[in-house]
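Summarising the annotation, TrEMBL assigns site 'Important for long-chain enoyl-CoA hydratase activity' to A:Glu151, A:Glu173. Residues annotated as domain '3-hydroxyacyl-CoA dehydrogenase NAD binding' in TrEMBL: A:364-541. The site 'Important for hydroxyacyl-coenzyme A dehydrogenase activity' annotation in TrEMBL covers A:His498. Annotation comment: TrEMBL describes A:Glu510 as active site, for hydroxyacyl-coenzyme A dehydrogenase activity. If you look up TrEMBL, you'll see A:544-639, A:676-755 marked as domain '3-hydroxyacyl-CoA dehydrogenase C-terminal'. For A:755-797, the entry in TrEMBL reads region 'Disordered'.
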Amino acid sequence: MVASRAIGSLSRFSGLRILRSRGYICRNFTGSSALLTRTHVNYGVKGDVAVIRINSPNSKVNTLNKELQSEFIEVMNEIWASDQIRSAVLISSKPGCFVAGADINMLAACKTPQEAAQVSQEGQKMFEKLEKSTKPIVAAISGSCLGGGLELAISCQYRIAIKDRKTVLGVPEVLLGILPGAGGTQRLPKMVGVPAAFDMMLTGRSIRADRAKKMGLVDQLVEPLGPGLKPPEERTIEYLEEVAVSFAKGLADKKISSKRNKGLMEKLTSYAMTIPFVRQQIYKKVEEQVQKQTKGLYPAPLKIIDVVKTGIEQGNDAGYLAESQKFGELAMTKESKALMGLYHGQVLCKKNKFGAPQKEVKQLAILGAGLMGAGIAQVSVDKGLNTILKDATLAGLGRGQQQVFKGLNDKVKKKALTSFERDSIFSNLTGQLDYQNFEKADMVIEAVFEDLSLKHKVLKEVEAVIPDHCVFASNTSALPINEIAAVSKRPEKVIGMHYFSPVDKMQLLEIITTQKTSKDTTASAVAVGLKQGKVIVVVKDGPGFYTTRCLAPMMSEVIRILQEGVGPKKLDSLTTSFGFPVGAATLADEVGVDVAKHVAEDLGKAFGERFGGGSLELLQQMVAKGFLGRKSGKGFYIYQEGSKDKNLNSDMDSILAGLKLPARPEVSSDEDIQYRLVTRFVNEAVMCLQEGILATPAEGDIGAVFGLGFPPCLGGPFRFVDLYGAQKVVDRLRKYEAAYGKQFTPCQLLIDHANSPGKKRTPRGRQEVVGPRVKVGRRKESELWPAGRLPHPALHP
Amino acid sequence: MTSILTYTFKSLPSTSKWALRFSLRPLSCSSQLWAAPAVQTKSKKTLAKPNIRNIVVVDGVRIPFLLSGTSYKDLMPHDLARAALSGLLHRTNVPKEVVDYIIFGTVVQEVKTSNVAREAALGAGFSDKTPAHTVTMACISANQAMTTGVGLIASGQCDVIVAGGVELMSDVPIRHSRKMRKMMLDLNKAKTLGQRLSLISKFRLNFLSPELPAVAEFSTNETMGHSADRLAAAFAVSRLEQDEGLLSDVVPFKVPGKDTVTKDNGIRPSSLEQMAKLKPAFIKPYGTVTAANSSFLTDGASAMLIMAEEKALAMGYKPKAYLRDFVYVSQDPKDQLLLGPTYATPKVLEKAGLTMNDIDVFEFHEAFSGQILANFKAMDSDWFAQNYMGRKTKVGSLPLEKFNNWGGSLSLGHPFGATGCRLVMAAANRLRKEGGQYSLVAACAAGGQGHAMIVEAYPK
């Protein structure tokens, strides 16, 4: 039973979630604290309770770094030495953040596993002292309590948390390819039980305060306060402190026990865990599950299991030793470097580098209530944007409104929203068939069918009714924006906003600017995208922009490989085992074969040979037979409602047989097939940087991983070039070029890069990059990592 | 308001009084002490307006307010309302046929008598030609009944109105679950035995779990006591302040099969020490709102006779007071659920052209001690006024010597639908006894709403 629970809790884990992390915050804090005494940690005494306040200077979040650690130790030593003080409260002075994590730069500075292990050991020592403190310490948690922050909190004797949505607890280290290295792997299982601890550490999920209370992660909850004689946030923290002080007194007086009453289930679970056989079974099952989901591509989850196991089976000392050693090893892996790179990239893509728009968008209008239109509406209304959803038919509109409602209602079922909040959010949506109130719109996003003449028609209709300042954004996956803008009276107000399906789950938004698009229009589009919770890459206009353009040559190679006789199932397994979340054949089915054909034709015309390789005929025949993928029930696979198993579509055999090409044995090993796909993708991505479609490699990585499902463990095409070696990529391309021709010719920028060793990073494109080491001190932490995740990467149909 | 539901039963045994701060005023305290306030110059001599009818309260009554589950527990709401109406008829001797319209407020509705005003009027012997309707607005339902009547008179539709309110918390509608109700309704429609059997086969044991009346705010899912506790904390009102913190309109009520009830039974004498021992009722274990500093669940009814002044005089009545300007306000139902009086007070004063100094009698509804103290602090805070009320300066502090001198909802009880009339009658009677020109009545209500009204003394 315990085992099955552990598995159940793990079932949601997948490599795709690797990117949701906020445990480690990168801060370039360089100010020396030697001159100013105690800039990070201070304390005051209330009666016999010391109130320790954490407040990282010049930052919206608190991060555990060397300065903070040493000041904290000083403060604790004073408290332990004082006769007057009998207990302590640990609280943050910043509303919305307890401690957001350890400083990621402490790791970046490490050159060897031993150095990184040292970082872990220092944390372990400090927290061990806290754990053994004879004076009870109460952690008063308001806001994010993540990574090292949670490890700090669970070393205290008691935890009190604010019950609001900002207060989340978690150990997201796994998402950065490392493990909780300051005692977390050892303390968490004891505190919440092994299955729940595995769930937290292997998924990195954030846990809200009320759930944390149920799990035993916190001991008390404090309700947030409304306005009183001070601003609500300020008074709430004060109130939290007052409550925490009273509990600290109670603990010192032994009136309150820090021991928790366990429920029956918990008692049973902890009893079961005393049986070695049960434990072994759990480890085994969890390992199997992780192995299955990560395909062995991510080392961190397996090491976490290993370390937890060591602690339980061989005792604390061995556990802490294993934790620090494995932490050191993981910190030096390519995977953790790739994941940390993505983290930095994501931080970068959550900023509006175009500045604040002149006019904030308050009224949004969306044309077309299809899957995309309704999806865009959903992510807009739940952020408080007034949104008009217009469709041509009542049936289409109704379907779209239902989609929005269902999306919100699913959140109610998951208790992320109350039904009242759902209704209130849904009232931000106006469904209509005409252009009423478009004269008040600040932005119109069209999501009509991908047809240039139709897009022209709606653009003209809309421009007749919208005000001068209104931005016209086109949601298209491949139609060049300047062609759409050709009929516009005001091309400076026309921009591309390429959303990914399903919009409420996919984090990426690709914004496309033409030569004529004004900076303010771009700023406005980015601002709306950020409000919708998106990670944004801004690219220049061109056929296929960035994302579609990278995908197309890879899809062409997919066709080629299929033509050479590799079956869809085999192809899927080759791609997923390389780290793609969805197999290549399945991806075509998900995207829609007609869309793929459409894109392949358009881009084939634009780019010629480089997009060749596979025969377009395959897609054309599939479309002719109605094998459009999931949406028509048949593609490479057969899809049945309610059934998760999918069988091969046997009718494809004759099509494939008719187009069969001989395989080249010298480039047809499994590995070669994988690299043929990936190198074409990567080559095209670098080409986009070379041509200035992409502004920065960081955006290229984010776009590929978040929009197309490029393996997160590789960090994106540019990071991949760095970690794998530019020369090796070029060599591979040359080898395939020899076999197939120009579609594999490495682009100039890649060749240049390979020829200039020593350069750490792929050369930069047309704009100066803000660099991977971003100073992210002054940002709103909550904007950073919305609770979205990365499901099927798919272009919209 | 309904939130108190769950906790009443706990509060029953704990007798308490809202001591020191407000109510250390013995009943015997002669009214003469209060009767001669310093001569003040009023901003206005009267609030009478040209070309608008003066509306007067002729008189009002209430039956004793009782802790729910006591003497009224076997009755139905319309029985209490009927008793109040009969009492009013008896007190005023108004000819039944003169009454143009009857309006009652109620909160938790008895489904059998959803228009309880009509059922009670018929039972009390009013003419079956007199229309009656029921209004609901949480704790200010009776206020809504009165002001609805004021509107009907002011617009010339009616001359004589009976307004009142009733609440019976001894019995509340506990329903079958939605699933069970659905099955029962479907069974009604089923025509054949086969259809019936197939419906019955879908029955599950959990269908039988009952549905209790909501104890939480619908929009926020938070109980009122919980909100009051947070409000008290937001305004830093301590537990001690809360713990520190009485009858001429009552008509006797002969309860069938029981003794005649002549007095309220809710006043709970208790010492500060006893109160301090109570455990928090809502936010456990460190909250500050307890059974002692919350109003208890109450059964009761009230009624009053409202007329156009010329009609009252023509009929030979000596009115008790004028009903003047009133306002309704509403705000955030989560964090400002119970701050209605803070918002309504300055608004009604400005509307009437009066200042706080013009008011001789304050009658505020007290849901929780912490709530009323939070309202005091909010009204006395420039910061709150500037940031939340859009005012330049604070509303001002309330003179405690003029505040709820005859007891409030905490000591007398709070039958949700009936409290409004009690407040207005207390205001009118206090103006007569204590002297003074204007009284301010204010109350908060579930849903984040509030009300305030100016009652003006009728010249003696």
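Every residue number used here counts from 1 along the chain in the order it is shown.
Backbone N, Cα and C atoms are what each Cβ position is placed from, and that goes for glycine too.
Note that this is a predicted model, so its numbers are computed, not measured.
A straight line from the CA of A:Glu173 (site 'Important for long-chain enoyl-CoA hydratase activity') to the CA of A:Glu151 (site 'Important for long-chain enoyl-CoA hydratase activity') spans 11 Å. Around A:Glu510 (active site, for hydroxyacyl-coenzyme A dehydrogenase activity), the same-chain residues at least 6 positions away in sequence with a Cβ under 8 Å from its Cβ are A:Gly496, A:Met497, A:His498, A:Phe500, A:Ile536, A:Val537, A:Val539, A:Phe545, A:Tyr546, A:Thr547, A:Gly703, A:Gly707. With a cut-off of 8 Å between CB atoms and residues at least 6 apart in sequence, the same chain places A:Gly123, A:Phe127, A:Val171, A:Pro180, A:Ala182, A:Gly183, A:Gly184, A:Arg187 near A:Glu151 (site 'Important for long-chain enoyl-CoA hydratase activity'), listed in sequence order.
According to its DSSP assignment, A:Glu151 (site 'Important for long-chain enoyl-CoA hydratase activity') is helical. Residue counts of the domain '3-hydroxyacyl-CoA dehydrogenase C-terminal' (A:676-755) by helix, strand and coil are 64 helix, 0 strand, 16 coil (DSSP-based). Note on the domain '3-hydroxyacyl-CoA dehydrogenase C-terminal' (A:544-639): DSSP counts are 68 helix, 4 strand, 24 coil. Summarising the environment of A:Glu173 (site 'Important for long-chain enoyl-CoA hydratase activity'), the number of other Cβ atoms within 10 Å of its Cβ, over all protein chains shown, is 30.
All protein chains shown were included, and the count of other CB atoms within 10 Å of the CB of A:His498 (site 'Important for hydroxyacyl-coenzyme A dehydrogenase activity') stands at 27. Under DSSP, A:Glu173 (site 'Important for long-chain enoyl-CoA hydratase activity') is assigned to a helix (H, G or I) in the three-state scheme.
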